[in-house]
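Visitor: Quick one: structure below, then a few questions.
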Amino acid sequence: EWDRWLLMGLIGTAVGMLGFFIHQIIDSLIKLKWDLVENYLQVSKRKCQWSNLYLLTGQDGNIHMTWLCALGFGLAMVVLSSGSVLFICPAGSPSGLPEIIGYLNGTSIRHLFNIKTFLGTFVSCVLAVASGLFCGPEGPMIHLGALLGCGLSQLQSDTLGIHLPIFTRFRNSADKRSFITAGAGAGIASVFRAPIGGLLFVLEEVSSFWDIRLAWQTFFCCLMATFTMDLLSSSLCGFVYRGHFGFFEAEKRILFWVKNLLDMNVLAFIPTILLGMLGGLLGALFVSLNIKINKLRMRFFNSIPKLSLRKTSKLLETVLILVISFVPLIANLRSGRNFLTLEVGCILSFPCSSEWGSAAALLVENGKQGITYLFKRGTHEEFGYASLCTALAFYFILSCWTAGSAVASGLVIPMLYTGALYGRIIGLILVSIFGVQTNEYGAWIDPGLFAAIGAASFFSGVSRLTISLTVIMVSKLS
């Protein structure tokens, strides 16, 4: 069995490298976009109320050009993202996860594992996330991991005319399915850097054919993917070498970095149960609304007889979603001439003292960064009810609409973000009732804590995942 373990390790390493490149390209594109935007601003930096946010002041004459540049850059990426799945690889849209689940449970889908699908999904995923759409790379990474598992185990391609005479004993449906399962698990493990979570995810959600040998080999594959991702990320940031190769910093490895731990009280289970019920109800609403939107979408597009016009209409839908996603940021121009920028280069609307400005700030370009802010401890007064409720309604509707559109995109980041928003609202309600508690017995009344619980509840309500989700959330918070 040495060759099977060797292949599992190679697949995990390849998936980890792919995940690293996807995240680095996304971060580089976001930085490039806002670097171009800042050329239209005469910038003077000073600290704002959040430690890593800065106030940028621009002149009146170039504010509208600034936002036109930001929107234009996003539109260019969205057009390329949607076009890559519509005109190159239809099997890559929207996330690929349902197709992988279908294949691993006995459904044959054409062109699901060819090289055109791989390239189209890769390009579409990177550009969709970087453009500003409310989506993440998680679903496409599972699909890409499964594609690598299939390609490296079979070592043959009809498209390229390649048939290598090695590992030929794995060219059967059972072994092919096992390597695809391991690749899918490595994909989710590389995103969250959680190897146990990746194993439990494919066990709970993806595949129905399991044995103890496959479980251990999948876990090894997930370990290799996580290790490769961490190793490359330890010294490279935005493809720039920063030294310390092989030095694993905790803050860089943990996806949603929360420094302060809180002692728990048994009373915290009361709002936790409420958040669980709310997550189930809102999750059911999200799924129901998404199904209705997709049925309406299919009915509308199927009514268009010409194929090229139908594909163009799907592309225009993604453009419309992006334009609407920019509405809060554009509309907030009337608040003044000030902007906020994150360290990663994302520009947000200001003033942060106003509810509308705070709501626009919550609709941040980088979803993971926004989730980290919502999880932050000791930030009882940073966001008010109006800003949180506005951002929740806007993000809920836009992410539901984006899911199923003609781009390769994932739903994990939107689910965590949505849950974090209403979780923080519940935390603010508790603060309003009991006040800000500074003693160790009441410190659990913290909006950031309930934002994390709310994120898990909505994720579970939509996906019906329990065990793997718990492991992923616990391993990604510190």
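One is the number of the first residue shown, and numbering goes on along the chain from there.
Using the three backbone atoms N, Cα and C, a Cβ is placed for every residue, glycine included.
Owing to the predicted nature of the structure, the values given are computational and were not obtained by experimental measurement.
Pulled these from TrEMBL:
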TRANSMEM  5-26  transmembrane segment
TRANSMEM  65-91  transmembrane segment
TRANSMEM  112-134  transmembrane segment
TRANSMEM  179-202  transmembrane segment
TRANSMEM  214-241  transmembrane segment
TRANSMEM  266-291  transmembrane segment
TRANSMEM  312-331  transmembrane segment
TRANSMEM  383-403  transmembrane segment
TRANSMEM  415-436  transmembrane segment
TRANSMEM  448-474  transmembrane segment
Visitor: Using Cβ distances below 8 Å and needing 3 or more such pairs, separated by at least 6 in sequence, tell me whether the transmembrane segment (214-241) contacts the transmembrane segment (5-26).
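Guide: Per Cβ check, the transmembrane segment (214-241) touches the transmembrane segment (5-26).
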Visitor: Can you find at least 3 Cβ pairs under 8 Å between the transmembrane segment (179-202) and the transmembrane segment (448-474), where each pair is 6 or more residues apart in sequence?
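Guide: The transmembrane segment (448-474) and the transmembrane segment (179-202): touching, yes.
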Visitor: Are there 3 or more C-beta pairs under 8 Å linking the transmembrane segment (448-474) with the transmembrane segment (112-134), counting only pairs at least 6 apart in sequence?
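Guide: No, the transmembrane segment (112-134) and the transmembrane segment (448-474) are not in contact.
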Visitor: Could you name the stretch, out of 5-26, 65-91, 415-436, with the greatest number of CB pairs under 8 A to the transmembrane segment (312-331)?
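Guide: Answer is 65-91, with the largest number of Cβ pairs below 8 Å.
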